Each structure stands twice: as structure tokens, then as C-alpha cells.
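As written in TrEMBL, here are the features:
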| type | residues | note |
| --- | --- | --- |
| SIGNAL | 1-32 | signal peptide |
| TRANSMEM | 236-258 | transmembrane segment |
| TRANSMEM | 306-333 | transmembrane segment |
| TRANSMEM | 339-360 | transmembrane segment |
| TRANSMEM | 372-394 | transmembrane segment |
| TRANSMEM | 406-433 | transmembrane segment |
| TRANSMEM | 464-486 | transmembrane segment |
| TRANSMEM | 498-519 | transmembrane segment |
| TRANSMEM | 531-555 | transmembrane segment |
| TRANSMEM | 575-596 | transmembrane segment |
Amino acid sequence: MTVLGHPRNWSCQWLPFLILLLGTGHEPGVEGVTHYKAGDPVILYVNKVGPYHNPQETYHYYQLPVCCPEKIRHKSLSLGEVLDGDRMAESLYEIRFRENVEKRILCHMQLSSAQVEQLRQAIEELYYFEFVVDDLPIRGFVGYMEESGFLPHSHKIGLWTHLDFHLEFHGDRIIFANVSVRDVKPHSLDGLRPDEFLGLTHTYSVRWSETSVERRSDRRRGDDGGFFPRTLEIHWLSIINSMVLVFLLVGFVAVILMRVLRNDLARYNLDEETTSAGSGDDFDQGDNGWKIIHTDVFRFPPYRGLLCAVLGVGAQFLALGTGIIVMALLGMFNVHRHGAINSAAILLYALTCCISGYVSSHFYRQIGGERWVWNIILTTSLFSVPFFLTWSVVNSVHWANGSTQALPATTILLLLTVWLLVGFPLTVIGGIFGKNNASPFDAPCRTKNIAREIPPQPWYKSTLIHMTVGGFLPFSAISVELYYIFATVWGREQYTLYGILFFVFAILLSVGACISIALTYFQLSGEDYRWWWRSVLSVGSTGLFIFLYSVFYYARRSNMSGAVQTVEFFGYSLLTGYVFFLMLGTISFFSSLKFIRYIYVNLKMD
């Protein structure tokens, strides 16, 4: 339940377009360390508040009835910080470098019953606040709630009106900052009459201490007060499970390629020599299996423009995912915040649009496509349109509830400009290069004008069964790791195992390729040559399993609730499943194409 009203009339500045192209944004705790002299003022910025269990539901701190300056001055933010929901503003706290403060008065307030009820609801929903001092985030809960007993039942709500700030310094730099209410008694918000005002006095203390730690990155994990859970440890169960599955699948495909195919090729080639010596009739008269459909297996599929668009966008996201993981391995992101990754994803998406245009147009021209302009428009719209529709719904819900996750108009215009000036032109340029460099489709077999009739197929060779098998096996290879990914994106965990993530990503692609080859072989053995779309759908259905897992995670593994969090979770989870469909469908298709070319090149014909 949303307890905050609409935000006050304030604007958020954004960095110029050049910042988006040159970097991923400024992240608290990593850059911008300021050097101070004794007595210099240290600005403390208030940032956001929100339910602890709903990470994506955040509001500006001053939307609560708290101590607020008469004129709110906001800090200029980077694109990554805006996308992360940050909205920093100067506070009334007066902090000076290395000067201790004992119980200084921040402000006096008279709260109406409506304002008290707003605070009560925020405390009941476990609202936390986030402040920023010298680019170091510090967090704490707004109030205190206690429930005890069944009979009699007691429900107590208290507001923290005093905060103890603990800051550590080394030389002239701030190394660590934290806030505590350990020795403070909360102010009770119970028993207030509807027409009564509540008088409050907010105070704070500041304690400085010197540390031997010279850099913030050298500070040991676990020394930050533990407001959010610690970083994840290596989960060997996920790695072992994935490795065993990969070895089994690779071995399975190797058996097919080395034994079954070898026997098939020996039998088919022997039959060819015998038939050619006996008569001049068509050699496939008495054959069955994948040899008999050699004149149809390379027959171009329907909706070839859509197929090429899927392959182009899938190739783009393969490059995008690999680039993000490699950048994380190189230490380019702050693991405690997601703003830099958001900025990098936008930058890489715009730059990799040339890949989608090239792959789509190149393959479209190879398989005889003539509507090149329509193919480029379809390629550039295949992801951008679903994303825009999903984002519009999610952003509208955030805006209606006054959440800071709703992007300002200036940021929306910036992102739209990036797509119009970088993403779309690169798609067109890539499409032009792909069209001009395309050679005729390399098919080792001639295709007849009249398609062969496909015999009835058993139920276990149907598209639905292939999608179930082809989607479940890759999903099972990443299911354990998927929990930690969800706990990071939709929870409070801190993911740092990017090496393991890269390993699991490679496993996912390998499993998808192996499964695609096996399923394609079984399909061709049944004399069904409609493998083009089947290969995309079979392994691409992993995206559906990922979305179903997200439903399970929301219901059983998380404490998320409310319309704001629910709409964002399911909207972006559906979009994530769609992205995995595009990526794995692309890997599956090109693996099957490579496999089919291999077996028919080695088949003696004519």
C-alpha cells in the first residue's frame, strides 16, 4: 500500500549526452572522494525512502513529514543515478570534518493526525531511508514496530527522532559512514486523537574516529553495519549441477555425431552407389529418414522477414550480454549499486544495434528476401516496441504513485535521443553493410519446386514436446544460479561472482546448442523438414520457463507486495523472458543450420 503522496514540484538535472557515451555514471562510494580540512563543512544529502522488501518502490525522502529546509536544493545526478531512482537533496544536518556533535537539535515539528498516520503506515511497511555523505550511502529504518503475544495482543509503533552518525576518516578523506539508533528510544506514535497535534523534536549526534584504512575499497566486507545482506558466496551446487548436465549433453551429441551419423552416412552412401549402378531412377525411392528430404530441407520458411529479425536482435543481445559480463569482470561496476550497469546496458544496446541490422539484413538477403526496408523496420522494432510499451506501463504506475523510479521528462528525452541518433542509424548502417556483403545461400542440396508430403509424426516429435524438452534442459542448467540473480536484481543481495556468472552463461549457450542439434536430428529423421522455426522455438522456450520461475520466485521466495512493485516485477520479468527467447533462439538456429549443412555436405548425391 502506498502511503506517500505526489512529489513536490522539483526538477532533476541530468548530465550531458557526452557523459552517456564516455562513461557509465558516477557511483557513490567509488569516485569523487573529497579532501577536507578540519572544520570544513560536510554536506549530507537526503535521497530516498521505500519499503525494505520492495527494492524498486522508492520515494523522495521529503515526501514524508520530516525536517525539511524552506528551499530544497537538489544535487546534479548522473544518468545511472537517475535510472536507479536516486533524487538527492541537501539536508538540514550540519556536519563539519572531525568535529563531534552531541544531541544537536535539527528542527521542531507539529504533526497533524494525518501526518502521524502517514508515518505509522510507513513504519508498518518497514520503510527505510537512504542518505549520502561524500558519495557514501548510509541507511536506516524510519521507525520501530513491535508486536507481541496473541492474547493479549500488543502493537506498538515508534518513530526514531534521534540519529547517531558515525564517520571514519584517514588523513583528509572520509573512509566510512554509518547511522545508528542503538542507544535511542523511539517516540511513540500510538494513542493520538484525530484532532490532536503531535509535537516532535528531531536531534542528531556526530562522532568522528580515525582509521588506518587508507582507501574505501580496502575496508573489509561486513564492517558496514550490515543493513543489507552480505555479498553472495560461491555456490558450488549450481556449478556442479551445470557441469554435469553439460558433460551429459555434449556426450550425447557426440554419440550422435560420431556413431549414429556415421552409420547413417555409410548406409546412405552405400545405397546411393548400389542404386546408381542398378538404374538411373531417383535414388530416394526406397530410402527413408533424413536423406530422403534432402531436396526440401533447405526450402526457405514462411515469414522469413520475421525470422531474420529474430536472429538479428538475438545476436545483438548475445553481444550485449557478453559485453556486460566482461565489463563486470574487468571491475568497471560498483557491486553495491546498479546504476552503472543500467547506464552501460543503455550505451551497449545503442552501439550494438549495428549487429542486429547486419545479421538480419545479411541473412534476409541470403534467403531471397526482397523487402529490405521493411526488414530493417521490423528488426529495429522487434525489441524496442515491446520494451517501450512495458516501460510506459511501469513508469506510469510509478508516476501515479509518486515514486522516484518514474523517470523525469528530461531523462526520457535523453534516452529517446540516444535511440534516434545512435541506435536506429546504426541499425540502418548495419543493414546496408549486411545487404551489400550477402552472398547466395550456401545449400549443399538442390531444392525441388514441389514440396514433399510430410508423413504423420508421433506425439513425442511435436512442436510442443520439443519446446518443453528444449526449454527445460537449458533452464535446469541455470536454475540454481537464477535464484541468486533474482535475489540481486529484485532483492537486497549483492552479486560479485561475475566469473561464475560468465561460466554459467557459457554453459547456457552450450546446452542450448547441443539440445538444438539433438532435436533437429530427431525431427529430420522423421522426414519433417520444417526445422527453421522449430529450431528457434525449441530452445527459445527457455525464456518461458524463466518467466514461470519468476512467478514462483515472487510467490514463494520474496516478500514483495503492492501494485508498484508487482507491475514492475512482472513487466520486466516478461521482458527478460522475451530477451532470453531471442538469444537462445538465435544460438539454437545457427547451431542447427551448421549441423544440417555438415550432414548433407557429407552425403553423396547426384
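Quick reminder: no glycine exception, Cβ is built from N, Cα and C everywhere.
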Exercise. Taking a Cβ cut-off under 8 Å, which residues six or more beyond the ends of the transmembrane segment (236-258) line up next to it in the same chain?
Worked result: 473, 476-478, 480-481, 484, 500, 503-504, 507, 510-511, 514-515, 517-518, 521
For this session: Decide whether the stretches the transmembrane segment (464-486) and the transmembrane segment (498-519) have at least 3 CB pairs under 8 angstroms, with pairs required to be 6 or more apart in sequence.
Result: yes
Exercise. Counting only pairs at least 6 apart in sequence, do the transmembrane segment (498-519) and the transmembrane segment (306-333) share 3+ Cβ pairs under 8 Å?
Worked result: yes
Exercise. Thinking of Cβ pairs under 8 Å, which stretch from 372-394, 406-433, 575-596 has the most of them with the transmembrane segment (306-333)?
Worked result: 575-596
Problem set entry | Distal contacts, the transmembrane segment (372-394) - CB-CB under 8 A, six or more residues away | 305-306, 308-310, 312-313, 317, 353, 356-357, 360-361, 364-365, 419, 423-424, 427-428, 431, 435, 567-568, 571-572, 574-575, 578-579, 582
Seminar exercise, completed: Lying 6 or more residues past either end of the transmembrane segment (575-596) yet within Cβ distance under 8 Å of it, the residues of that chain are 297-298, 310-311, 313-315, 317-318, 321, 382-383, 386-387, 390, 470, 474, 508-509, 512-517, 520-521, 524, 531-532, 535-544, 546-547, 550
